[in-house]
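To start, the structure under review is shown below, and the notes come after it.
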Amino acid sequence: MMSGFSLDLGPLKEPLGFIRVLEWIFTIFAFATTGGYIGTSHFFVVCNNTDIPVEAHFYYPFRLQSESYRLPMCNGSQSKDTFLQGDYSSSAQFFVCVGVFGFLYCTATLILYLGYQSMYRQNTRGPIVDLAVTAAFAFLWLVSSSAWAKGLTDVKVATSPDHLVDVCGETCKAGDFPSMGRLNASVIFGFLNLILWVGNCWFIYKETPFHKDPEQQAAVEGGAAPGP
(Lines of atoms letter the chains of each structure in order from A and count residues from 1; the text may use other names and numbers.)
(Lines give C-alpha, C1' and ligand atoms only; values in the text may rest on other atoms or scores of the structure.)
Protein backbone atom coordinates (compact mmCIF):
# COMPACT_ATOMS: atom_id res chain seq x y z
CA MET A 1 0.00 0.00 0.00
CA MET A 2 2.92 2.33 0.67
CA SER A 3 3.82 2.12 -3.01
CA GLY A 4 0.70 4.13 -3.80
CA PHE A 5 1.51 6.85 -1.27
CA SER A 6 1.67 10.32 -2.78
CA LEU A 7 1.81 13.29 -0.42
CA ASP A 8 -0.62 16.03 -1.38
CA LEU A 9 -1.34 18.86 1.05
CA GLY A 10 -4.17 20.14 -1.12
CA PRO A 11 -6.93 18.49 1.00
CA LEU A 12 -5.87 20.65 3.96
CA LYS A 13 -7.20 23.65 2.03
CA GLU A 14 -10.60 21.95 1.72
CA PRO A 15 -13.14 21.70 4.56
CA LEU A 16 -12.79 17.90 4.62
CA GLY A 17 -9.11 17.99 5.54
CA PHE A 18 -9.07 21.27 7.47
CA ILE A 19 -11.83 20.24 9.85
CA ARG A 20 -10.11 16.88 10.39
CA VAL A 21 -6.99 18.73 11.51
CA LEU A 22 -9.09 20.79 13.94
CA GLU A 23 -10.63 17.57 15.26
CA TRP A 24 -7.15 16.11 15.71
CA ILE A 25 -6.03 19.14 17.75
CA PHE A 26 -9.16 19.52 19.89
CA THR A 27 -9.27 15.78 20.56
CA ILE A 28 -5.76 15.98 22.02
CA PHE A 29 -6.80 18.92 24.20
CA ALA A 30 -9.89 17.03 25.40
CA PHE A 31 -8.17 13.95 26.78
CA ALA A 32 -4.93 15.74 27.77
CA THR A 33 -6.77 18.17 30.06
CA THR A 34 -8.52 15.28 31.82
CA GLY A 35 -5.86 12.59 32.10
CA GLY A 36 -3.05 13.27 34.55
CA TYR A 37 -5.03 15.83 36.54
CA ILE A 38 -4.03 16.33 40.18
CA GLY A 39 -6.15 18.43 42.53
CA THR A 40 -5.87 19.49 46.17
CA SER A 41 -8.61 20.62 48.53
CA HIS A 42 -7.67 22.57 51.67
CA PHE A 43 -9.35 22.93 55.04
CA PHE A 44 -8.34 23.44 58.67
CA VAL A 45 -8.81 21.56 61.89
CA VAL A 46 -9.14 24.01 64.79
CA CYS A 47 -7.47 22.71 67.95
CA ASN A 48 -6.99 25.00 70.97
CA ASN A 49 -7.47 28.11 68.82
CA THR A 50 -4.81 26.82 66.39
CA ASP A 51 -5.60 26.17 62.73
CA ILE A 52 -3.97 22.95 61.57
CA PRO A 53 -3.93 22.77 57.74
CA VAL A 54 -5.15 19.61 56.03
CA GLU A 55 -4.71 18.81 52.33
CA ALA A 56 -6.82 16.24 50.50
CA HIS A 57 -5.29 15.21 47.17
CA PHE A 58 -7.20 13.52 44.37
CA TYR A 59 -6.28 12.38 40.89
CA TYR A 60 -7.58 11.14 37.57
CA PRO A 61 -9.51 8.82 37.14
CA PHE A 62 -11.26 10.16 40.30
CA ARG A 63 -11.79 7.01 42.35
CA LEU A 64 -12.17 9.28 45.34
CA GLN A 65 -13.00 6.53 47.83
CA SER A 66 -9.43 5.26 47.45
CA GLU A 67 -7.85 8.70 48.11
CA SER A 68 -7.03 9.28 51.78
CA TYR A 69 -5.84 12.28 53.81
CA ARG A 70 -4.54 12.62 57.35
CA LEU A 71 -7.00 14.18 59.79
CA PRO A 72 -5.36 15.52 62.99
CA MET A 73 -7.01 14.68 66.31
CA CYS A 74 -7.31 17.42 68.92
CA ASN A 75 -7.15 14.98 71.86
CA GLY A 76 -3.47 14.37 71.26
CA SER A 77 -3.88 10.96 69.66
CA GLN A 78 -2.36 10.09 66.28
CA SER A 79 -3.89 11.44 63.08
CA LYS A 80 -6.35 9.12 61.41
CA ASP A 81 -6.69 8.30 57.73
CA THR A 82 -9.91 9.62 56.24
CA PHE A 83 -11.09 8.90 52.71
CA LEU A 84 -12.86 11.04 50.16
CA GLN A 85 -16.25 9.84 48.96
CA GLY A 86 -17.46 8.73 45.52
CA ASP A 87 -16.22 6.97 42.40
CA TYR A 88 -16.46 8.98 39.18
CA SER A 89 -13.91 7.02 37.17
CA SER A 90 -16.40 5.57 34.67
CA SER A 91 -17.40 8.90 33.10
CA ALA A 92 -13.83 10.27 33.20
CA GLN A 93 -12.28 7.16 31.63
CA PHE A 94 -15.03 6.92 29.02
CA PHE A 95 -14.38 10.53 28.01
CA VAL A 96 -10.62 9.97 27.78
CA CYS A 97 -11.12 6.72 25.86
CA VAL A 98 -13.29 8.46 23.24
CA GLY A 99 -10.63 11.16 22.96
CA VAL A 100 -7.76 8.71 22.47
CA PHE A 101 -9.58 6.64 19.86
CA GLY A 102 -10.76 9.82 18.14
CA PHE A 103 -7.15 11.01 17.98
CA LEU A 104 -6.06 7.70 16.42
CA TYR A 105 -8.87 7.83 13.87
CA CYS A 106 -8.04 11.43 12.93
CA THR A 107 -4.40 10.44 12.44
CA ALA A 108 -5.33 7.49 10.22
CA THR A 109 -7.76 9.49 8.07
CA LEU A 110 -5.33 12.39 7.67
CA ILE A 111 -2.77 9.93 6.30
CA LEU A 112 -5.48 8.66 3.96
CA TYR A 113 -6.52 12.15 2.85
CA LEU A 114 -2.98 13.42 2.27
CA GLY A 115 -1.32 10.28 0.95
CA TYR A 116 -4.06 8.30 -0.76
CA GLN A 117 -6.51 10.98 -1.86
CA SER A 118 -7.14 9.44 -5.28
CA MET A 119 -7.93 6.05 -3.76
CA TYR A 120 -10.25 7.69 -1.22
CA ARG A 121 -12.27 9.61 -3.82
CA GLN A 122 -12.44 6.84 -6.42
CA ASN A 123 -13.56 4.15 -4.00
CA THR A 124 -17.17 4.57 -2.84
CA ARG A 125 -16.63 2.45 0.24
CA GLY A 126 -14.00 4.79 1.69
CA PRO A 127 -16.24 7.86 2.10
CA ILE A 128 -19.17 5.71 3.27
CA VAL A 129 -17.10 4.08 6.01
CA ASP A 130 -15.60 7.46 6.90
CA LEU A 131 -19.08 8.97 7.21
CA ALA A 132 -20.33 6.11 9.40
CA VAL A 133 -17.34 6.24 11.74
CA THR A 134 -17.41 10.04 11.97
CA ALA A 135 -21.12 9.99 12.81
CA ALA A 136 -20.46 7.33 15.45
CA PHE A 137 -17.73 9.48 17.02
CA ALA A 138 -20.06 12.49 17.00
CA PHE A 139 -22.57 10.45 19.01
CA LEU A 140 -19.84 9.23 21.37
CA TRP A 141 -18.67 12.80 21.95
CA LEU A 142 -22.24 13.77 22.87
CA VAL A 143 -22.62 10.92 25.33
CA SER A 144 -19.13 11.08 26.86
CA SER A 145 -19.07 14.88 27.18
CA SER A 146 -22.49 14.92 28.84
CA ALA A 147 -21.50 12.10 31.20
CA TRP A 148 -18.20 13.75 32.08
CA ALA A 149 -19.87 17.13 32.64
CA LYS A 150 -22.18 15.46 35.19
CA GLY A 151 -19.24 13.53 36.68
CA LEU A 152 -17.18 16.70 37.02
CA THR A 153 -20.03 18.42 38.85
CA ASP A 154 -20.12 15.53 41.31
CA VAL A 155 -16.33 15.62 41.72
CA LYS A 156 -16.51 19.34 42.56
CA VAL A 157 -19.12 18.68 45.23
CA ALA A 158 -17.27 15.71 46.73
CA THR A 159 -13.92 17.53 46.91
CA SER A 160 -15.10 20.97 47.97
CA PRO A 161 -13.77 22.17 51.36
CA ASP A 162 -17.35 22.87 52.46
CA HIS A 163 -18.27 19.21 51.97
CA LEU A 164 -15.11 18.00 53.71
CA VAL A 165 -15.81 20.31 56.64
CA ASP A 166 -19.31 18.83 56.97
CA VAL A 167 -17.76 15.37 57.15
CA CYS A 168 -15.09 16.53 59.60
CA GLY A 169 -17.43 18.22 62.06
CA GLU A 170 -17.57 21.44 64.04
CA THR A 171 -13.81 21.49 64.70
CA CYS A 172 -13.03 22.16 61.02
CA LYS A 173 -13.33 25.16 58.75
CA ALA A 174 -13.05 25.46 54.98
CA GLY A 175 -9.95 26.57 53.12
CA ASP A 176 -9.06 26.99 49.45
CA PHE A 177 -11.06 25.22 46.78
CA PRO A 178 -9.16 22.99 44.33
CA SER A 179 -8.34 24.49 40.94
CA MET A 180 -10.77 23.03 38.40
CA GLY A 181 -10.00 25.24 35.40
CA ARG A 182 -8.26 22.44 33.53
CA LEU A 183 -11.21 20.08 34.01
CA ASN A 184 -13.69 22.78 33.03
CA ALA A 185 -11.69 23.21 29.82
CA SER A 186 -11.89 19.48 29.13
CA VAL A 187 -15.70 19.62 29.11
CA ILE A 188 -15.62 22.61 26.77
CA PHE A 189 -13.25 20.78 24.42
CA GLY A 190 -15.56 17.77 24.54
CA PHE A 191 -18.55 19.74 23.28
CA LEU A 192 -16.40 21.59 20.75
CA ASN A 193 -15.41 18.19 19.40
CA LEU A 194 -19.09 17.29 19.17
CA ILE A 195 -19.72 20.35 17.00
CA LEU A 196 -16.70 19.64 14.79
CA TRP A 197 -17.50 15.96 14.24
CA VAL A 198 -21.17 16.66 13.52
CA GLY A 199 -20.27 19.44 11.08
CA ASN A 200 -17.69 17.27 9.34
CA CYS A 201 -20.37 14.66 8.59
CA TRP A 202 -21.80 17.00 5.94
CA PHE A 203 -18.51 17.41 4.08
CA ILE A 204 -17.85 13.67 4.17
CA TYR A 205 -21.41 13.04 3.00
CA LYS A 206 -20.67 15.16 -0.10
CA GLU A 207 -17.94 12.63 -1.00
CA THR A 208 -20.31 9.67 -0.86
CA PRO A 209 -22.43 8.32 -3.74
CA PHE A 210 -25.54 9.31 -1.75
CA HIS A 211 -24.84 12.96 -2.59
CA LYS A 212 -23.33 12.63 -6.07
CA ASP A 213 -25.55 12.00 -9.06
CA PRO A 214 -25.06 8.66 -10.91
CA GLU A 215 -23.32 10.23 -13.94
CA GLN A 216 -20.84 12.12 -11.77
CA GLN A 217 -20.12 9.03 -9.69
CA ALA A 218 -19.55 6.91 -12.81
CA ALA A 219 -17.16 9.53 -14.16
CA VAL A 220 -15.20 9.58 -10.89
CA GLU A 221 -14.92 5.80 -10.78
CA GLY A 222 -13.88 5.72 -14.43
CA GLY A 223 -11.19 8.33 -13.83
CA ALA A 224 -12.68 10.79 -16.34
CA ALA A 225 -13.99 14.27 -15.79
CA PRO A 226 -17.78 14.48 -15.52
CA GLY A 227 -19.60 15.71 -18.57
CA PRO A 228 -21.54 18.95 -18.75
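Quick reminder: no glycine exception, Cβ is built from N, Cα and C everywhere.
Annotated domain 'MARVEL' per TrEMBL: 11-209, in sequence order.
According to TrEMBL, the transmembrane segment annotation covers 21-39 (among others).
Annotation comment: TrEMBL describes 92-116 (among others) as transmembrane segment. Residues of the same chain lying 6 or more positions beyond the ends of the transmembrane segment (92-116) and with a Cβ under 8 Å from any Cβ of it are 1, 4-9, 11-12, 16-17, 20-21, 23-24, 27-28, 30-31, 34-35, 60-62, 126, 130, 133, 137, 140-141, 143-145, 147-148, 151, 186, 190, 193, 197.
Feature annotation from TrEMBL assigns transmembrane segment to 128-149 (among others). The list of residues near the transmembrane segment (128-149) in space but at least 6 beyond its ends in sequence, with Cβ under 8 angstroms from a Cβ of it, reads 34, 90-92, 94-95, 97-98, 101-102, 105, 109, 120, 186-187, 190-191, 193-194, 197-198, 200-201, 204-205, 207-210.
The annotation transmembrane segment is assigned in TrEMBL to 185-205 (among others). Counting residues 6+ beyond its ends, the transmembrane segment (185-205) has Cβ neighbours under 8 Å at 14-16, 19-20, 22-23, 26-27, 29-31, 33-34, 95, 99, 102, 127, 130-131, 134-135, 137-138, 141-142, 144-145, 148-149, 152, 211 in the same chain.
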